[in-house]
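Now, the feature entries from TrEMBL:
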BINDING   ASP283, LYS293, PHE327, LYS341, LYS345  CTP binding site
DOMAIN    7-179  domain 'Flavoprotein'
DOMAIN    189-399  domain 'DNA/pantothenate metabolism flavoprotein C-terminal'
REGION    1-193  region 'Phosphopantothenoylcysteine decarboxylase'
REGION    194-403  region 'Phosphopantothenate--cysteine ligase'
Amino acid sequence: MSILKDKNILLGVTAGIAAYKTAHLVRQFIKAGANIKVVMTPASKDFITPLTLSTLSKNPVYSSFTNEDDDNTMWNNHVELGLWADLFVIAPATANTMSKMANGTCDNLLLATYLSAKCPVYFAPAMDLDMYKHESTKISFDKLNSFGNIIIPATSGELASGLVGEGRMAEPEDIVAFIEADILDKLPLKGKKVIVTAGPTYEALDPVRFIGNHSSGKMGFEIANAAANLGAEVILVSGPTHQKTSHSLVKVHPVVSAQEMYDEVHKHYKGADIAILSAAVADYRPKEIADKKIKKSDSTFTIELEKTKDILKSLGQQKDQQFLVGFALETNNELEHAKGKLESKNLDLIVLNSLRDKGAGFGVSTNKVTFITKSNEVIENELKSKAEVAKDLMYQILKQVNA
Ligand code: CTP
């Protein structure tokens, strides 16, 4: 999954021949899972039609302050457009538009939107080689750079003029790859390794039966995705579940029993920076596993259980540089129990789930949690989707790690 998935990308098209490539660029962004809106300078419509770009982006294309098709009674709100965008990508960026951007000129909708946008701005210059090298263009580059705008450098090759040199707009695939790499590079967990456990464990009784629980694994998978969205390399050790993730930074390590989860987690713990144990691990397992299916005989049947190894506790004992997070599912004296676990298992943070809260716990897509930190800070949260809870948790971890 691309880091651009679900991002709102505003594509600004200006009047250069490379504008014809923006059809392909829009396709690439869509393929990456982004939402696209396009804003064009009036002159760029001579190079590619708004109809092409609106069809491909599945959104109206904006090129003037008012909507001509609507007798100019509809105001195209540049502020809204600028604020909608998570990223503003201007491709191709002509010398003219860059100079206007650099100097605060605001004589078309694209430029007004540029001045209104608060998000990161990328621009992919495209022009003839002498224009590209011109001092005035360099001044534009420097000024835009000083505003924090990011240049996607032009490449060398044959230009529309027939001359060969620098000035060709980067290819659409390369523009997308450049932006993805740039975002990843700046993410707060870039280069960090995060272990997440998820789902239930199944403890075998015989070849066909097991003791398990109703954990869906959803919370753990959401945490793994949230950590990966911050740039972390995630090792997701999961018990049996139907959950899936296609995030390129998440590697799923499927396990079945508590012992397998223990072994797999310990394999990766040494080099990890953060470990978040959200799995509902069985606390007990059958002492004996029958090698053949157990036949029914007496009217009652007793299974002797023995304790499984406490993965979280063992990680707490071996803790080095890792930031360790546990979960506690409680029904009474919640805070007291959770704080007790935080201390006894040597955790940095514990996520408390109270079964008394409606919408929290197993099998639902929402959760209501309280974070308790090592310094005894208690942070209560509203009932939220598990995806939101996962984001809140990662934010809280980042805050604590950087404190
Ligand atoms: N956990 C673990 N290994 C186990 C059992 C639990 O790593 N064998 C982890 C869970 O992933 C969770 C936390 O420990 O992060 C839950 O703590 P635990 O004390 O086991 O909670 P409960 O099972 O609720 O304990 P109790 O029944 O004593 O309340």
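Keep in mind that glycine also has a Cβ here, set from the backbone N, Cα and C atoms.
Model, not experiment: these values are computed from the prediction.
Overlay of TrEMBL feature records on the structure.
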| residue | record | DSSP class |
| --- | --- | --- |
| ASP283 | CTP binding site | coil |
| LYS293 | CTP binding site | coil |
| PHE327 | CTP binding site | strand |
| LYS341 | CTP binding site | helix |
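For the CTP site listed in the record, the two most distant Cα atoms among ASP283, LYS293, PHE327, LYS341, LYS345 lie 38 Å apart. Of all Cβ atoms in the shown protein chains, 12 besides its own fall within 10 Å of the Cβ of ASP283 (CTP binding site).
Proximity to ligand 1 (Cβ under 6 Å from any of its atoms) holds for these binding-site residues out of LYS293, LYS341, LYS345: LYS341. Here the Cβ of PHE327 (CTP binding site) has 23 other Cβ atoms within 10 Å, regardless of which shown protein chain they belong to.
Looking at LYS293, LYS341, LYS345, the binding-site residues in this record, the fewest other C-beta atoms within 10 angstroms of the C-beta turn up around LYS293. Along the domain 'Flavoprotein' (7-179), the predicted structure has mean pLDDT 94.
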